[in-house]
C-alpha cells in the first residue's frame, strides 16, 4: 500500500528560509548563501519523507517565494516593466516580480483559494511571449535523485495557471485567458521531455481550480490541454491533484475521462461529498486514487481509526493496489514540526500533529492497509482522540448553553441606523467628514522591547504599565495636535490583533514555532482554538479607559471581531465552525458591554477577515455570510443607541457581499480601499443604498509614500460624488503599525488638511 504527500512547508522548522531571504534582500548575504540554505532545507525534507517510508515524495514544491510565480518564470511570462531580456530567470528578475524594485511595482498578490496563503497573480495578454525560462522543476528532480530519492515532480497545471491569471494592464478585461493554452503547452512539453530524460516516472499537475464552479467552456479546456499533452506524457504516470473542496460532478466526469491521466488526487477532508461521488458515479478501472484523508490545513492529529475505515471502503471500489494514502492538500498550510514545541501543555500537545507528524500518519495508514498495522501507534492515537473528546478543558457547559440559545434569534439593535446616528451625533458633536484612524500606531523597536521584556519577566508590571501609559499619552497628544476628531490609543500593548485576544480567552493555546507561510518570507503563527471559548476577565477596558481619561475627544475602544479571530486561527474540528464563532461572539459581547459601561462611546470591532472566509463555491456563500454577519451583530446588539459601533474590513472585493456588509448593521464601516478606489465606489454608483457611516481609506498605508493634501482631497471629492456628505468619514485604509512616525505624521497632517479644505468648500457652497 503506497503513501504520498501533496507538498511540504518551505520555510524550515525554525524559519530558516525566511531569515535567509531577508538577509539576501537586505544585501547582507550572497545568492550562494541563500541557495545553500534552500538546498539544505530541500535535502532534509526529502530525507525525512524517505525515512518515514513515503513512496511518492514530491519535488518542486519548494519555492523562494511562490509556486505560481515559479510557473510564470518557467513559462517566461515576465511583464515588460521588468526589462527582462531572455535567458534563465535569476533572482533579480524573480524577486522584482514578487516585491517590486526601486523603479517598478510588484505584481499583484492575492489569496490562494480560501487559505491564508497568498500567490503572485500572473499578468497575461494576447502579446505575451512564452519560452522555457526556468529549469527549476528539472533541477530539483535531479537534485533529489543525486541524494538517492526518486521524487514526483509537481507543476501547477496549465489550466489552473491560466484561470488564476489576470489580463495585464492595458489588456481588455474581457480577454479570454484560456485562449493562451496553445501558447503555453509547448513549454510544458519541453519540461515534461526533460523530466522524462532525467528519469522521472511520475508527474503531478496541481489543478485546484477543478473544485470551483466552472462552466462547460472551462471544463473543455481541461480536456483540450491533457489531450494535447497526451503524447508528451506517454510513458509517465500522471497524477492530477485537486484540493480545498468537493469536486463537482461535472468536473469529476471531465477529469476521470482524460486518457493521459493515470491518477486522481482528492481532498477528502473538505470534500466529504467527493466520497459519495466516487461511490455513486464509480471510479475508472485501472486508475489510481490518491485519497487525501490526512488534513493538510489544520494541526489536529488524524483520527486514524476513522481514516482507516474510509480507506477500507475506498479499497473495495478502486482495488488494493490502486489506492494511495495522501494528505488533503499541501502541508504548507500547517505548522512544520511539533518537536519544536517544548513549552506546550502536554495534554493539548498529544492532540496535535504538524507537517512532520502528518507525514508519519500517512505512512502509518498505508502500512495498516497493507496489513502491517503499528498497534502501539494506533492505540496511542486512539487514546489521544478519547482524551480530547472527554477532557473537561474542552467543554464548558455554560458556554455551550449560551451559544445554543443564540440559534434562531436575530440579535439586532432595536433602533434603525439613521435614528442611532442622530442620537450619536447629539452626543459626540462631530464635524462633517469626521477624521479618525484605524487603530494601531507605529510600533517602535523600544515598544517591542518593553513587551518582550515584560513577557520574559525581566521588568515588573509597574514598569510595563508605566511604559505603555507613556506611549498612549504620546499617541493621544499627536492626534490632538493633528486635530483628529475620533481618537485611538494606538494599541501599544498588542503584538497581534488575534493573539492579543486569544491569550486572554479560555479555549485558546499558543505555539512557540507554529509558523505558517503567508506570502514570500512573511509567516503567521495562528492560535489554536481547542475548546469552548469564554472571557474570564475584561481584556481592553483598563487601557481604553486610561486613554479616554487623557482627552475630551471620543476615544475608540478597539476589538477584533469573532469572524476574524476564527478565520485567523487553527480551529477545533469537533464541532461546526459557526458554533465556535458564536462562542467567540458572546465573549466579545461581554467586552463591548464593559467598554460601554466604562464610558467608551465609540467601539470598533474589526472584521478584517470576514471576506476571506467565503467558501469557494457560490452555493455555500449564503450560509457562511448568514452566520458570519449574525456573529458580528451578537457582539453589539445590547448597546445603547448613543454608543457608536464601527467596524473595519480589509481587501478589495466587496461588491459581491455588499448586502451582507449592510446587514452587519454597524454605525460606521471603514474599508481598505485605496488600491481599488473605483471597484468599491462603483457599487454605490450602481445605486446600492447605504445609510450608515462609511470611511473608504483615503490613502495606502502599505506604502511609505506620503500623499499630498490635494491628492487626498481629490479622492474624497470622488467619494462625495456617490456618497452623502453626512455619512462619509475620512481615514487611512488600515492600521499604522508597520509605518514609521516620520511617514505617519505628514500623511495624517495632509489627511486632516484635506478634510478641512472640503468642509470649507462645502460650507461656502451652501
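Residue positions begin at 1 at the first shown residue.
Here the Cβ of each residue, glycine as well, is placed from N, Cα and C on the backbone.
Marked as 5-methyltetrahydropteroyltri-L-glutamate binding site by Swiss-Prot on the basis of similarity to another entry: 18, 116, 496, 519, 522, 523, 568. Taken residue by residue with DSSP, residue 116 (5-methyltetrahydropteroyltri-L-glutamate binding site) is part of neither helix nor strand, so it is coil.
If you take the C-beta of residue 438 (L-homocysteine binding site) and look for same-chain residues 6 or more apart in sequence within under 8 angstroms, you find 488, 648, 670, 731, 732, 733, 734, 735, 736. The L-homocysteine binding site annotation in Swiss-Prot covers 438, 439, 440, 491, 606, and the record cites similarity to another entry as its basis.
The feature L-methionine binding site is assigned by Swiss-Prot to 438, 439, 440, 491, 606. Packing around residue 491 (L-homocysteine binding site) is summarised by its Cβ count: 23 other Cβ atoms lie within 10 angstroms of its Cβ, all protein chains included.
Among the features that Swiss-Prot reports, Zn(2+) 1 binding site is placed at 648, 650, 672, 734. Around the Cβ of residue 734 (Zn(2+) 1 binding site), a 10 Å sphere holds 25 further Cβ atoms from the protein chains shown.
Cβ environment of residue 659 (Zn(2+) 2 binding site): 688 lie under 8 Å away, each six or more residues apart in the same chain. Residues or ranges marked as Zn(2+) 2 binding site in Swiss-Prot: 659.
All protein chains considered, the CB of residue 702 (active site, proton donor) has 12 other CB atoms within 10 Å. Marked as active site, proton donor by Swiss-Prot on the basis of similarity to another entry: 702.
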Spatial neighbours of residue 568 (5-methyltetrahydropteroyltri-L-glutamate binding site) among the binding-site residues 606, 650, 672 [C-alpha, 10 Å]: none
Those binding-site residues listed as 116, 440, 648, 672, and which of them has the most Cβ atoms within 10 Å of its own Cβ: 648
Top Cα neighbour of residue 18 (5-methyltetrahydropteroyltri-L-glutamate binding site) in the set of recorded positions 439, 440, 491, 606, 702: 702
Lowest local Cβ density (other Cβ within 10 Å) among binding-site residues: 496, 606: 496
Rounded Cα-Cα span from residue 523 (5-methyltetrahydropteroyltri-L-glutamate binding site) to residue 702 (active site, proton donor), Å: 17
Among 519, 568 [binding-site residues], residue with fewest other Cβ within 10 Å: 519
Among 116, 496, 519, 523, 650, which are recorded as binding-site residues, the nearest neighbour of residue 440 (L-homocysteine binding site) by Cα: 496
Where residue 438 (L-homocysteine binding site) sits in the secondary structure, as DSSP reduces it to three classes: coil
Lowest local Cβ density (other Cβ within 10 Å) among binding-site residues: 18, 522: 522
Structural state of residue 18 (5-methyltetrahydropteroyltri-L-glutamate binding site), classified by DSSP into three states: helix
